[in-house]
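Here's the structure, in structure tokens; my notes come after.
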Amino acid sequence: MRKITVFGMGSFGTALANVLAQNGHDVLMWGKNVENVDELNTHHMNKNYLKDAKLDSSIKATVDLNKAVQFSDIYLMALPTKAIREVSKDIDQLLTSKKTFIHVAKGIENDTFKRVSEMIEDSISSEHNGGIGVLSGPSHAEEVVIKQPTTVAASSKDNNVSKLIQDLFMNDYLRVYTNNDLVGVELGGALKNIIAIASGIVAGMGWGDNAKAALMTRGLAEISRLGEKLGADPMTFLGLGGIGDLIVTCTSTHSRNYTLGFKLGQGKTAEEALKEMKMVVEGIYTTKSVYHLAQQEGVEMPITNALYEVLFEDVPVSKSVRTLMERDKKAE
């Protein structure tokens, strides 16, 4: 049995905390919302994110950051990408020894274009950094928490960290593979959110399977082009952290990114759609980051460009689609 602190009380962090507790580990969750913390401690539920799920009664929660930091040597960073750097810096101020950091965020930082592991590495002093890894793949929290079969990938620059993640999380309903391509696994998880929004738009506009299949296929090509330019192994994008995550996010109403896109396809503005959803949609921020990153790296990403225009330049969806379809003739 290990002690593990989960930073963040969203849907995926909660589902994974439940996995860890059911695997026999001692789990403490940290969050800022007092009502969420009280609900988890008293009723063993997190209705804001996982409405009807009854969680393992051994899981505890706190709003006390110092208590959370001192509780364990293994940290699961289940926070939105935009919160990772700030919380990591706050954690570092309270550390006196090395800790292992496992993150599940799927995004790229807006200003720096850095991956989440790089953000954590920047924020944690070397004397406190005992290794950084990621757990990623096709894994809706709503399915994980009710023990539906799920398979994901664990990756780190340190193979010992990858194996630790595998050992902590793997059980009879959650299968974990190790993967030594940290860059590829992180990029696959982040970039697929862009394509998921676009996929939701296609569905919201009422288009058929032809359009959906083409979008996912050409979307995977974009992801692979940028990933390879940034040092990823192209084969990673054919695995769980790539096409696996892409398929599940582009085809399910569990996906916030797909749901946002669906609302856009039905004619709502991004502002209207987000107001209805009341949840973080990583793909919006990732679209902005990747649009500028692709320009900086000289990588062609037409779907990303079209979505950027819709989200940030108020270009009508119908016009962006027409622009995509009328691009110059090319070989595949």
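Note: Cβ is positioned from N, Cα and C throughout, glycine not excepted.
Now, the feature entries from Swiss-Prot:
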BINDING   Ser11, Phe12, Lys32, Lys106, Ala141, Arg256, Val280, Glu282  NADPH binding site
BINDING   Lys106, Gly137, Ser139, Lys192, Asp245, Ser255, Arg256, Asn257  sn-glycerol 3-phosphate binding site
ACT_SITE  Lys192  active site, proton acceptor
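Relative to Ser139 (sn-glycerol 3-phosphate binding site), the binding-site residues with Cα atoms inside 10 Å are Phe12, the candidates having been Phe12, Lys106, Glu282.
The Cβ neighbour count for Val280 (NADPH binding site), using a 10 Å radius and every protein chain shown, is 17. The binding-site residues listed here are Ser11, Ser139, Ser255, Asn257; among them, Asn257 has the most other Cβ atoms within 10 Å of its own Cβ. A simple Cβ count within 10 Å picks out one of the binding-site residues Lys32, Lys106, Arg256 as the most packed, and that one is Lys106. When each of the binding-site residues Asp245, Glu282 is scored by how many other Cβ atoms sit within 10 Å of its Cβ, Glu282 comes out lowest. Counting every protein chain shown, the number of other Cβ atoms lying within 10 Å of the Cβ of Phe12 (NADPH binding site) is 23. When every Cα pair among Lys106, Gly137, Ser139, Lys192, Asp245, Ser255, Arg256, Asn257 is compared, the largest distance found for this sn-glycerol 3-phosphate site is 15 Å.
Neighbour counts of Cβ atoms within 10 Å were compared across the binding-site residues Gly137, Ala141, Lys192; the minimum falls on Ala141.
Under the DSSP three-state reduction, Ser255 (sn-glycerol 3-phosphate binding site) is assigned to coil, being neither helix nor strand. Separating the Cα atoms of Lys32 (NADPH binding site) and Ser255 (sn-glycerol 3-phosphate binding site) is a whole-number distance of 24 Å.
The binding-site residues near Val280 (NADPH binding site), taking a 10 angstroms Cα-Cα threshold over the set Gly137, Lys192, Asp245, Ser255, amount to none. Checked against Lys192 (sn-glycerol 3-phosphate binding site), the binding-site residues Phe12, Lys106, Ala141 differ in C-alpha distance, with Lys106 being the nearest. Among the binding-site residues Ser11, Phe12, Lys106, Ala141, Arg256, the residue whose Cα lies closest in space to that of Asp245 (sn-glycerol 3-phosphate binding site) is Lys106.
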